[in-house]
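Participant: A single structure is presented below for examination.
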Amino acid sequence: RFIAKPCAITLGIQDSGAHRAQPNAILEKVFTAITKSPDGRRLEGLSKQLDWDVRKIQRWFRHRRNQDKPTTLTKFCESMWRFTFYLSIFFYGIRFLWTAPWFWDTRQCWYNYPFQPLTSSLYYYYILELAFYWSLMFSQFTDIKRKDFLIMFVHHLATIGLITFSYMNNMVRVGTLVLCLHDASDFLLEAAKLANYAKYQRVCDAFFMLFGVVFIVTRLGIYPFWILNTTLFESWELIGPYPSWWLFNGLLVTLQVLHVIWSYLIVRTASKALVQGKVSKDDRSDVESSSEEEDVAPNSTKGVFSPSSNGSNRLNGHVAGGQWTG
């Protein structure tokens, strides 16, 4: 409110929403009481009732859906908040772990387990991360619903379960490694979104490519060969199959499956960017598409293709197409 918004205004981001649909009592009643995306049969009925062209009714519903979506200024402020948190917590974690023996030798995570001291800096690191992921769990029900809603829901459940479970079982050493590894790429994605909202496309593409590289290296390289190696094999060797071994590692493997899915989406988006010269439409986007519902003047025989009314595509949480959204 006091930092992000002035920054956005300085960059020329206006607090203007999407094109508003013209007032129509009949269509508004259908939109609020029946469906926000009428099928062909209902569109034909409304066309006869209002004496409107079907494309005009489609355009009205698209504008009506888009006008409820957040403005670019709102999305910029949200991304700046997440960028600030991810960057701060990542550097906090690196600063804390740099002097921790288990950061350099993962076998230290299991020596003297479970009788390992819980320092205040480690405690606050855990509490901050847990609070943030709980906030993400609740906010996803009020944010724009994306195609990967279920994947993100499973991700948040697994993350909260891991943080809580590892804290209760005093597996906080290996837990800090998992947390820091996941924070390494998230702030880069938010930086790419901020650049896109400010219309710095080249900066946006550069941050996205950097994010993709860091994401794949950390999630498909370091995570399985560093984290899963110590939780699956080193722990078994040093302390044996403790009672919660299967549940703990089951949650970690679930995260790895999600990493593979997201890496596939990132690679596909990046490959399109290399071909087209900029980050292209993301496949998990749920944004209104003008290719299916072009803005056509009444009684016109030629469609006019235009950007979607809110001018955006999105991915993850995370990655976005032609433009980025939160």
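Quick reminder: no glycine exception, Cβ is built from N, Cα and C everywhere.
Predicted automatically and left uncurated, TrEMBL annotations should be read as such.
Feature table excerpt (TrEMBL):
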- 27-71: domain 'Homeobox' (DOMAIN)
- 29-72: DNA-binding region (DNA_BIND)
- 83-103: transmembrane segment (TRANSMEM)
- 123-142: transmembrane segment (TRANSMEM)
- 207-226: transmembrane segment (TRANSMEM)
- 246-267: transmembrane segment (TRANSMEM)
- 282-326: region 'Disordered' (REGION)
- 298-315: compositional bias 'Polar residues' (COMPBIAS)
Participant: Using DSSP, tally how many residues of the DNA-binding region (29-72) sit in helix, strand and coil.
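Facilitator: For that range the per-state counts are 30 helix, 0 strand, 14 coil.
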Participant: Are there residues at least six beyond either end of the transmembrane segment (83-103) with Cβ under 8 Å to its Cβ atoms? List them, or say none.
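Facilitator: Same-chain contacts beyond the flanks: 109, 121-122, 125, 128-129, 132, 173-174, 176-177, 179-180, 183-184, 186-187, 190-191, 194.
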Participant: Averaged over the DNA-binding region (29-72), what pLDDT does the prediction give?
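Facilitator: Summarising the DNA-binding region (29-72) by its mean pLDDT gives 80.
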